[in-house]
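Novice: Before anything else, here's the structure in question.
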């Protein structure tokens, strides 16, 4: 998605350790107009698969996922990292390991929100090691629902997540793919420049 | 906002201890079409104040706040409960006490995202004791920005937050005001039935 690549090139910042900071438009500050167009783009890619639910993980996946769900006209389910007081239901659970934070967290989704009739589109802001996406996939499997695909705003193509998910047969659409952050320079993987 | 009241009446659930569970359309599962109309409603109420930023708190404020920011054509700033690795900037900080969880958490916003030229609209999903909103107000004050108002999806009018914020001179617009949850019945405050 050309507009997104231009935004990343203009406002993204590379921090030591290969961390890409895009918090002026994607997570800490959010550009709602860009999120709307990202939602439209995901809808173009996945509408023909007739998804019934979008699934994301709190909190920075919510903005692009909400706009995708809006465009598709289906509900958004937000997997929780922490069980709120109001969540008294039976839940699906999965473990998500964060390599950057060196910790494992449980993510949970109420059983009442996903079931065997659902066709689930997972949306997330970043794909690096793929652990968050794999955790969400596990929840979709526990629910007996169909996985129709995974939409990612920014994929770090030099990390393992994309390969891992694609090797399991999932359709992964990343609107921006970063080939390298070496030397503090953002290099995009060429193929995504097509759209 | 009549549609919201009808949704709360139809799908809201009262849990012991006066907790209103609306996680089928507002937080755990989110109805994006309803969020869009909530965003439009906030825009009608606050557009004339010429806000430059919407401020909310992760994670359940994000959905209504994103749609309000979209309608107003301005950025959304998401106050963080936890500092992410990418957040290396100087930050504004405020303490937020949760009476329900009996804990105090710090919320933070990068100094680069709010400044003295900003006119800030705070949006949140719930208003009960007002502690989260007061924490955000404190951050707006630290930034030297102008507070133009506070938009709330559901106000528990039988708790102190609304009175506290209004007594400080802030314009608080709540799209649904709950007068009572006594005996497990959801009673709305009458005046909001007008719209």
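Numbers here mean position along the shown chain, with the first residue as 1.
Glycine residues also receive a Cβ, built from the backbone N, Cα and C atoms like all the rest.
According to TrEMBL, the xanthine binding site annotation covers A:20, A:27, A:156. Here TrEMBL flags A:35-157 as domain 'Phosphoribosyltransferase'. What TrEMBL lists as 5-phospho-alpha-D-ribose 1-diphosphate binding site is A:128, A:129, A:130, A:131, A:132.
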Novice: Using the alpha carbons only, what distance in Å do you get between residue A:20 (xanthine binding site) and residue A:128 (5-phospho-alpha-D-ribose 1-diphosphate binding site) once rounded?
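Specialist: The Cα atom of residue A:20 (xanthine binding site) is 11 Å away from the Cα atom of residue A:128 (5-phospho-alpha-D-ribose 1-diphosphate binding site).
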Novice: Using only C-alpha positions, which one of A:128, A:129, A:130, A:131, A:132 is spatially nearest residue A:156 (xanthine binding site)? These are the binding-site residues in the record.
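Specialist: Ranked by Cα distance from residue A:156 (xanthine binding site), first place goes to A:128.
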Novice: In Å, how long is the longest CA to CA span across A:20, A:27, A:156, which the record gives as the xanthine binders?
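Specialist: It comes out at 16 Å between the most distant Cα atoms.
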Novice: Residues near the 5-phospho-alpha-D-ribose 1-diphosphate site, A:128, A:129, A:130, A:131, A:132 excluded, by Cβ within 8 Å of the Cβ center?
Specialist: A:96, A:98, A:99, A:127, A:133, A:134, A:159, A:160, A:161
Novice: Quick one: of the binding-site residues A:129, A:130, A:132, which has its CA closest to the CA of residue A:27 (xanthine binding site)?
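Specialist: Answer for the nearest of the binding-site residues: A:132.
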Novice: Can you give me the same-chain residues 6 or more apart in sequence from residue A:131 (5-phospho-alpha-D-ribose 1-diphosphate binding site) with a CB-CB distance under 8 Å?
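Specialist: Residue A:131 (5-phospho-alpha-D-ribose 1-diphosphate binding site) has long-range Cβ partners A:96, A:97, A:98, A:99, A:161.
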Novice: Can you tell which of the binding-site residues (A:27, A:129) has the fewest other C-beta atoms within 10 angstroms of its C-beta?
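Specialist: Ranked by other Cβ atoms within 10 Å, the binding-site residues A:27, A:129 bottom out at A:129.
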Novice: I'd like to know which binding-site residues lie near chain B: of A:27, A:129, A:132, A:156, which have a CB under 8 A from one of its CB atoms?
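Specialist: Among the binding-site residues A:27, A:129, A:132, A:156, the ones whose Cβ sits under 8 Å from a Cβ of chain B are A:27.
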Novice: As a test of the contact definition, list every same-chain residue at least 6 positions from residue A:128 (5-phospho-alpha-D-ribose 1-diphosphate binding site) whose Cβ is closer than 8 Å to its Cβ.
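Specialist: Residue A:128 (5-phospho-alpha-D-ribose 1-diphosphate binding site) has long-range Cβ partners A:99, A:100, A:156, A:159, A:161.
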Novice: Within 10 Å of its Cβ, which one of these binding-site residues (A:20, A:132) has the largest number of other Cβ atoms?
Specialist: A:132
Novice: Looking only at Cβ atoms, how many others are within 10 Å of the one on residue A:156 (xanthine binding site)?
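Specialist: I get 25 for this one.
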Novice: Which numbers of helix, strand and coil residues does DSSP report for the domain 'Phosphoribosyltransferase' (A:35-157)?
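Specialist: Split by secondary structure, the domain 'Phosphoribosyltransferase' (A:35-157) comes out as 41 helix, 46 strand, 36 coil.
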Novice: To see if you understand the setup: which same-chain residues, six or more apart in sequence, place their Cβ under 8 Å from that of residue A:130 (5-phospho-alpha-D-ribose 1-diphosphate binding site)?
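Specialist: Sequence-distant Cβ neighbours: A:159, A:160, A:161, A:162, A:164, A:165.
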Novice: Going by DSSP, is residue A:20 (xanthine binding site) sitting in a helix, a strand, or coil?
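Specialist: Looking at the DSSP assignment, residue A:20 (xanthine binding site) belongs to a strand.
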